[in-house]
Amino acid sequence: MSITINYTWPVDEEAYSGKELEENRSAYLQHADMSHRSVKIGIISVLGTLIILGNMAVIMVIASSVAGWSKNTRYFLISLTGADAALALIVVPLNLYGSLVKDYSEEPDSYCHIVAFFNSSIFASCMYALATISLERYVAVFYPLHYTSLMTKNRIRSLIAAAWFFPPVLLFPISIPGGFVRVYFSSASLVCNPDYSSNVAYSLTLTGLIFFPCSIIMTMANLRLWFAARRQRNMFKNHEFRIRAGPDSASRVLVPVMIVYYTCWAPCMVTIIYTAISQKAVPEWIEFFAVWLPSANGFLNCIVYFWLNRSFRKKFMLLGHRLCVVLCHRPEKIVRFRGPGTVSVVSYTWENNNTLQERACSVSSSCTLLSRHETESHL
C-alpha cells in the first residue's frame with residue numbers, strides 16, 4: 001500500500017512555466033516533508049525519553065517488595081513494565097534508525113520486515129500484559145478464598161509467558177520478506193508497517209486474537225470491580241463509620257485506566273481495520289498519532305497503574321530519601337518510613353493482613369471495599 005501525502009500548494013501556477021512549476025512544487029513538497037519529519041522525530045524522541053524515565057522509576061520501586069502488593073501482583077507488573085520499556089528501548093530506536101539512515105524510496109528490505117515484526121509483537125505483548133493484570137485482580141477480588149488454587153505459580157508463569165511468546169508466534173509471518181503480508185515504510189508515521197490491506201483475512205484475525213480479547217477482559221473486569229465498589233458504598237453509607245473511598249474514588253482509578261487504554265489503542269485498531277477493508281490511506285497526521293499512541297500508553301501506564309497508588313508513592317519517597325542520605329554521606333540520618341497500619345483494598349484487588357498471604361493488593365487502588373468494621377480506607 002503506497003502512502004501519498006498531500007500538502008497545500010500556495011503558489012500561483014499561472015505565473016510559472018510547466019518545468020519551473022514542477023521544480024518549485026517538488027522543492028516545496030520536499031521542504032514540507034522535511035519540516036514535518038523533524039517535528040515527528042522530536043515528538044517520538046520525547047515520547048521515548050518519557051517512557052524510559054517513567055519505567056526506570058517504576059522498576060526501581062517494584063524491584064523490591066511494596067506494602068500491600070503480593071509477589072504475584074509484582075510479577076505481572078514487572079511483565080507490564082518490561083513490555084512498556086521495550087517500546088522505548090526497541091521500537092523507538094529501530095524506527096528512528098530506519099527513518100534517518102535507511103532509504104526506502106524503493107521496496108523495503110529485510111530490515112523493515114524485522115522492524116515491523118518487533119513493532120507488532122511488542123505492541124501485542126503490552127496489550128496481553130494489561131489483560132493479565134486485570135484478570136489477576138479480578139480473581140483476587142471476587143474469588144479471594146480460591147485465589148491460591150486458581151493463581152498457582154505455574155499458571156502465573158504460563159500467563160506471563162503467553163503474553164510474551166504468543167504474539168511473536170502469531171506475528172512471525174510479518175518478518176518474512178516476500179511473505180503473504182507486505183511491509184512498507186510509512187513516511188507519515190516514520191514506521192515500518194505491515195500492509196494490512198495486502199491480506200485482509202490475516203489482519204482481521206490479528207485484531208480478533210489480540211485487541212478484542214484483551215479489550216473484553218479489561219472492560220468486563222473493570223466494570224465488575226467498579227460496580228462492586230459502588231455496591232459496598234451503598235451497603236455502608238448508613239453505618240456509623242465513615243467511608244472516604246466510594247464510587248468517586250473508584251471512578252478516579254478505574255475510569256482513567258479504561259480511558260487511557262482505549263484512547264491509546266482504539267485509534268490504532270480502527271486505522272488497521274479501515275486500511276485493511278477500504279485499502280485507502282488515512283491522512284498523514286491521523287496515521288502518525290494512531291501509530292504512536294500505543295507507545296504513549298507505555299508512559300501513561302506508569303501513572304494510572306503506579307503513581308495513583310499510595311503505597312507506590314510512599315515507597316518511591318522512601319527510596320528517594322535513602323538516596324539523598326547516601327549522596328550526602330549521612331547514613332545515620334536514615335529514617336524508616338512506615339506505611340499505614342491496616343489497609344483493606346478492593347479496587348482491582350484488596351489487602352487483608354489477616355487473610356491469605358497471596359491475595360493481591362491493588363496497584364492503583366483508591367476505591368476501597370472494607371472487610372473489617374474497624375478499618376478505615378486509605379487513598
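Going from the start of the chain as shown, residues are counted 1 onward.
Using N, Cα and C of the backbone, Cβ positions are placed for all residues, glycine too.
Annotated transmembrane segment per TrEMBL: 41-63, 75-94, 114-135, 156-180, 200-227, 253-277, 289-308, in sequence order. The feature domain 'G-protein coupled receptors family 1 profile' is assigned by TrEMBL to 54-305.
A Cβ distance under 8 Å defines the sequence-distant neighbours of the transmembrane segment (253-277), meaning residues of its chain 6+ beyond its ends; these are 1, 123, 127, 130, 196-197, 200, 203-204, 206-207, 211, 215, 218-219, 222, 225-226, 286-287, 289-291, 293-294, 296-297, 300-301, 303-305, 308, 347-348, 362, 364-367. The transmembrane segment (200-227) shares more Cβ pairs under 8 Å with 114-135 than with any other stretch in the list 41-63, 75-94, 114-135, 289-308. Residues 43-44, 47-48, 50-51, 54-55, 57-58, 61-62, 77, 80, 83-85, 87-88, 91-92, 123, 126, 130, 133, 186, 189, 191, 193, 252-253, 256-257, 260-261, 263-265, 267-268, 270-271, 282, 363-364, 366 of the same chain, all 6+ positions outside the transmembrane segment (289-308), place their C-beta atoms under 8 angstroms from a C-beta of that stretch.
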